[in-house]
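Student: Got a structure here, written out as structure tokens. Questions coming.
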Amino acid sequence: MASEQLMSPASGGGRYFQMQPEQFPSMVSSLFSFAPAPTQETNRIFEELPKAVIVSVSRPDAGDISPVLLSYTIECQYKQFKWQLVKKASQVFYLHFALKKRAFIEEIHEKQEQVKEWLQNLGIGDHPPVVQDEDADEVPLHQDESAKNRDVPSSAALPVIRPLGRQQSISVRGKHAMQEYLNHFLGNLDIVNSREVCRFLEVSMLSFSPEYGPKLKEDYIMVKHLPKFSKSDDDSNRCCGCCWFCCCNDNWQKVWGVLKPGFLALLEDPFDAKLLDIIVFDVLPVSNGNDGVDISLAVELKDHNPLRHAFKVTSGNRSIRIRAKNSAKVKDWVASINDAALRPPEGWCHPHRFGSYAPPRGLTDDGSQAQWFVDGGAAFAAIAAAIENAKSEIFICGWWVCPELYLRRPFDPHTSSRLDNLLENKAKQGVQIYILIYKEVALALKINSVYSKRRLLGIHENVRVLRYPDHFSSGVYLWSHHEKLVIVDNQVCFIGGLDLCFGRYDTFEHKVGDNPSVTWPGKDYYNPRESEPNTWEDALKDELERKKHPRMPWHDVHCALWGPPCRDVARHFVQRWNYAKRNKAPYEDSIPLLMPQHHMVIPHYMGRQEESDIESKKEEDSIRGIRRDDSFSSRSSLQDIPLLLPHEPVDQDGSSGGHKENGTNNRNGPFSFRKSKIEPVDGDTPMRGFVDDRNGLDLPVAKRGSNAIDSEWWETQDHDYQVGSPDETGQVGPRTSCRCQIIRSVSQWSAGTSQVEESIHSAYRSLIDKAEHFIYIENQFFISGLSGDDTVKNRVLEALYKRILRAHNEKKIFRVVVVIPLLPGFQGGIDDSGAASVRAIMHWQYRTIYRGHNSILTNLYNTIGVKAHDYISFYGLRAYGKLSEDGPVATSQVYVHSKIMIVDDRAALIGSANINDRSLLGSRDSEIGVLIEDTELVDSRMAGKPWKAGKFSSSLRLSLWSEHLGLRTGEIDQIIDPVSDSTYKEIWMATAKTNTMIYQDVFSCVPNDLIHSRMAFRQSLSYWKEKLGHTTIDLGIAPEKLESYHNGDIKRSDPMDRLKAIKGHLVSFPLDFMCKEDLRPVFNESEYYASPQVFH
């Protein structure tokens, strides 16, 4: 039905005409065509009222356009954050104008809604009329009484704008007036959270997130490198004066800059926590290389246009041009950024000890703690428990990641602990998961990372995966990303030699068999010496015939870190993730940029109770959409990693797969920790620190109070595992307070840094040089060079050589013990045509150890004679067992994959870096590690004298040695002193020699010192194949009966009877194996045409 409207034509007399209903809405909207009111910010920055105090008032410069206006220094405080603002009275005027404008528009908007409702009640509008209940109260004109409270009277602002009075009293009156005005809007939470006040106070959604550090500078700036994004139509927030003169082209966009101690973040809006871009501060070059002038992170730029004011921020391989409103703001930004980048203790743009990006931690009571894990079983169980306790985010970085990996064994009852199931469960709970994996060259490696990425991405939308590098675009074909990291909530991280992939799970028993399958399902029953699977997609399908081939046991060491070192590791991950994202997915919104977290020290005016209160609000903050884990607290939300030990040290289902009847069967599990009095390091402890003297780090370490958390342990995680203490297991160490420093190998290609970092290499050399008595090394490779070696560049070998010569000249006992794999862990027999890579690596290792003028033993023999073995010796590991109940007895090397060095039982270096040029030079493979220096000492002995050993380092060595030597419970005291003859010669060397001889008698396995050429190897292989019918690629199958001659008679015996005399897994490294062969690739092998750098 049409509506009618009265019209008054010029001819006089009224007449009516009909108007269609659809015309009314447009008419109504045209009557109230005011600018829409800004919506009330749903994300509130302030949860409680901040405080602000005027600390000083300054008179304007003589050249000021308005000399009567004053500048005010305002000190603000919100919770544990303090910051200062310098505001002119004119800025107060603009703030007041903006608040009045907001109030006016809100009022108009409210009345517009009321008129619309009134018209609808008359049946004129689009919607049916609102029928009001007769009993309902009359709707007041102003339904929101808080709107009146949000208004700031103009009378409050006027004294601030122009304080009246005599010249002498203007400053006093102005200070009083400004304080009164601040009190008006600081007393109302709605006004404080308005966009106008938040901009005036220079705050945003990131300002008060404690995990990102203290509040520094924030403001609107202009950038042009970002793609176009949606912008507000409100021009009142324009930051650049030149905008009014149209000097900025369309490529420049206004963003909100947030400066934190470790980065500069760019946001679209203060109320939006989503990153548009981030500049993570990194070590700057010392000079520009031309005139020796130091390079700054931020520098002011000169522009021929006087209306443009800009500066440049350079970090890593990135350089961003930024504009500000005026020259004063540019100078303020430049000074603030450079100050933040060099602010102690981090000083991210200043290289620290060893040239590392990260500073030494634990010099004070900052919560730095570490815990070691020996072999994959212990480490994987701890990682699983940490993932299960994740609350906000998980970072995973690996050379190889297998989604189907079981982190707890036996695998059948632990399906929930499979990696993909663990991650899926946490992703469904809202935990954000970021996985960074190495993109291999498919022709060289068979790890199939594209399959891993596809499987991981299919878990849940909260799982993000990046593979890097893209080889063609980056030009990187020879080098890899080799780090192995798991970081949970920035609270605990795991670092070391273990990838989350097949073949790595193992225990101290190092079983060679598993038939029927109980512990190692499908392709996890892994022996790369025998065969590398062509595909990993059918993970539960066996690659090896279990009745014929042993698995290759895997020995590794991993470490958990808490406190500032954990966040330093996370910072490395963030740096690598952001660099990969910019190169591979710059415009993909589903792959976000990440922000590094910061160790924030509680200010002096706040106590431990305040810290606890902040921590209790973590859950509330996560609901608001910003992860505010209390990472500045020295108390982690995660408790100690559980000490996990299988209930049964023998076969878990009664099968005999991998059964050992040897000395290690009598161990009753790993050794028990020796109970010793623990003493913190104080200023009087005669401990030569493993630090550079110029850094002044030999400072007393603050003693930890009674609230130390060494005794806190997680509850049982699963019925098949029990929680123990450090006195009950030898595969998990005590959680220990210590000094820590994160070290790494990175360069431009791997992390986008402006210069090469080789701090792992520097740390190795420094530790060796400062060692007093003893160095213990376990590593996958041992390839290094002496001074003058132009081919192998790293100088770990040179440092060892010099230290040994010094000990010899000083006539002091000094021991270096090196444990490495017996053979490279690559496919192919020693004589196979396709095993040139195996032989090439053997060449470089023997070149380092014993062959040629560049080897350490050759040089030591030439200098000190046969006593060289008193100073340095080399070893490997080997295991044996039955492949099945009625199967043959087999042996395999225990593949040493750990990357550790322990010095004087007081310092330990653990990480992913091998001892070769690939890992140590920084410009090749990317690596990460941690140097741990003990601050908690225990009574021990060294060279026959009392010695204060470190709790972390000594317990790790004792665990490793008790496993390698097969020591029973109660025998640990025999190896307390690692350098005495009774330990080094009578136990360590004697055990290795005896075990090696027994393995030779039973198996004649390779490598050994009796086979000097490929021809001799062919003859031995042919003999054993003819005698046994089948053997392994390294002659690892024993005959059913051993034959020996006694008084002319042949005596036959069970090989297991002979093998019972073996203790542990330690064997001598065969120095004479293949000594008559040149093991380098030859012209008809493809490896001949590859760069030798690939192998060393």
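Cβ atoms are placed via backbone N, Cα and C, with glycine included.
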Student: Swiss-Prot tags one of 131-152, 351-372, 703-724 as region 'Disordered' - which one?
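Tutor: My reading of Swiss-Prot: the region 'Disordered' range is 131-152.
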Student: Using a Cβ cut-off under 8 Å and a sequence separation of 6 or more, which residues in the same chain sit near Lys899 (active site)?
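Tutor: Within the chain, Lys899 (active site) has Cβ neighbours under 8 Å at Gly496, Gly497, Val557, Glu778, Asn779, Gln780, Ile910, Gly911, Ser912, Ala913, Asn914, Ile915, Gly929.
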Student: Quick one: Cα separation, Asp489 (active site) versus His897 (active site), in Å?
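Tutor: Rounded to the nearest whole number, the Cα-Cα distance is 28 Å.
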Student: Sort out the sequence-distant neighbours of His897 (active site) for me: same chain, 6+ apart, CB within less than 8 Å of its CB, listed by position.
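Tutor: When sequence neighbours closer than 6 are ignored, His897 (active site) has Gly497, Leu498, Arg504, Trp554, His555, Asp556, Gln780, Pro821, Gly825 within Cβ distance under 8 Å.
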Student: Using all protein chains in view, find how many other C-beta atoms are within 10 Å of the C-beta of Lys484 (active site).
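Tutor: Its Cβ shell of radius 10 Å holds 27 other Cβ atoms.
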Student: Could you tally the C-beta atoms, other than its own, that fall within 10 angstroms of the C-beta of His482 (active site)?
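Tutor: Total other Cβ atoms inside 10 Å, all chains included: 25.
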Student: How long is the line from the C-alpha of His482 (active site) to the C-alpha of Asp904 (active site), rounded to the nearest angstrom?
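Tutor: Asp904 (active site) has its Cα 28 Å from the Cα of His482 (active site).
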